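Please read the structure below before turning to the comments.
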Amino acid sequence: FVYLNCFPGFGLALNLQPSVIIIGKYFLKRRPIANGLAMAGSPVMLCTLAPLNQFLFDNFGWRGSFLILGAILLNCCVAGALFRPIGAGTALVKTQVNKEEEDALKEKIIEDGSMEKKTEEEEGKDCFEKVNQYLDFSLFKHRGFLIYLIGNVLMFLGFFAPIVFLAPYAKHTGIDEYSAAFLLSILAVVDMVARPATGIVANSRWVRPRIQYFFSFAIAFNGACHLLCPLASSYTGLIVYSSFFGLAFGMVCAMLFETLMDLVGAARFTSAVGLVTIAECCTILLGPPIGGILIDTFGDYKYMFIKCGAVMVLAGTFLFIMNYYNYRMLAKEKKERKTKEEDPKSVRTENEGKINWNKDSTQDGTELEPLREKGEGVKKEMNGT
């Protein structure tokens, strides 16, 4: 069972990270829509996988079920093979014996020298600098990244636990087994529609410049749904809760990585995803066990939903306030840079410094005579050659 949990989880992690990063490489203008459509595949499988698993188990046993599911997952390799790197096309090389070819040869020699120098420098780097090439730890000095990281770590304490305990909560209220499982299907169908719809809304010119506020609202809305869940005592109430929960869950998932890329940029997004995922894993693992402890302690599911709702509302409020602060600081820094560039005094002092430096360097002095004589001697040798 350890093998069945660890290795597939490792493989799925290797599948998720590149697929999220590739979206940022291929799309810029309509990236939120692309993220929403890409994330819509998860609820489709959530709808179909539960009945499919039961069908495979009844007909082929657990060994045959794992073989078939593994074959389905192998199609991810086919999907990954269809991607191609984006870059400038290679120019055609014209073989002509002329001056251009000689210049190219010189440039190649210079590049080889620079490459050798670079390899020597890389050999001299310590272990931390080599690791920092793949995981950019300077992101921990990035204000927006730290805000996102703290808010998400707090959010994931209550993000997945309601999905785990939704069906058991329905059974606890006296609903039959199949009707309780159907609640997850309702959640998945609404989630499947909500993710691309959220991507379209997030890509609009009114929302995208301030997408962090929209993400904060989605998290707080998710928490509000969990806080109101204990009021749904009937099956109809649970259907309404599942619908709103699916909407809020889809909104958060559609913007989870888009907001991170908006903060750190496409160049540092790869390292940012890795660092955020490492930090979030702890709270993702802690969320459902804490919910189970609350259920065992109080003998009621409502305290688990209240805990998850309160945590997510707190995370949404934190992100909203801190993103407001971040936007204000960014606007202030931009204004200061613009003022500094347009200030004639700073330009004048810079020009005066250059003039003074040139004057000092051209002043006659006895200490410069040996250098001048040496320079004249070099010129004469060059003219002679």
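Cβ atoms are placed via backbone N, Cα and C, with glycine included.
Per TrEMBL, the features are:
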- 335-353: compositional bias 'Basic and acidic residues' (COMPBIAS)
- 369-385: compositional bias 'Basic and acidic residues' (COMPBIAS)
- 144-385: domain 'Major facilitator superfamily (MFS) profile' (DOMAIN)
- 335-385: region 'Disordered' (REGION)
- 33-52: transmembrane segment (TRANSMEM)
- 64-83: transmembrane segment (TRANSMEM)
- 145-166: transmembrane segment (TRANSMEM)
- 178-201: transmembrane segment (TRANSMEM)
- 213-233: transmembrane segment (TRANSMEM)
- 239-257: transmembrane segment (TRANSMEM)
- 269-291: transmembrane segment (TRANSMEM)
- 303-325: transmembrane segment (TRANSMEM)
Outside the transmembrane segment (178-201), six or more residues from its ends: residues with CB under 8 Å to it: 32-37, 39-40, 42-44, 46-47, 50, 163, 166-168, 170-171, 207, 214, 218, 235, 238-239, 242-243, 245-247, 249-251, 253-255, 258
Whole-number mean of pLDDT values that fall within the domain 'Major facilitator superfamily (MFS) profile' (144-385): 82
Positions on the same chain near the transmembrane segment (213-233), where near means CB under 8 A and six or more residues out: 151, 155, 158-159, 162, 173, 198, 201-202, 207, 240-241, 244-245, 248-249, 251-252, 255-256, 259, 301-302, 305-306, 308-317, 319-320, 323-324
Intrachain residues whose Cβ lies under 8 Å of the transmembrane segment (239-257), provided they are six or more past its termini: 20, 23-24, 32, 35-36, 39, 42-43, 152, 155, 159, 162-163, 166, 183-184, 186-199, 202, 211, 214-215, 218-219, 221-222, 225-226, 228-229, 232, 273
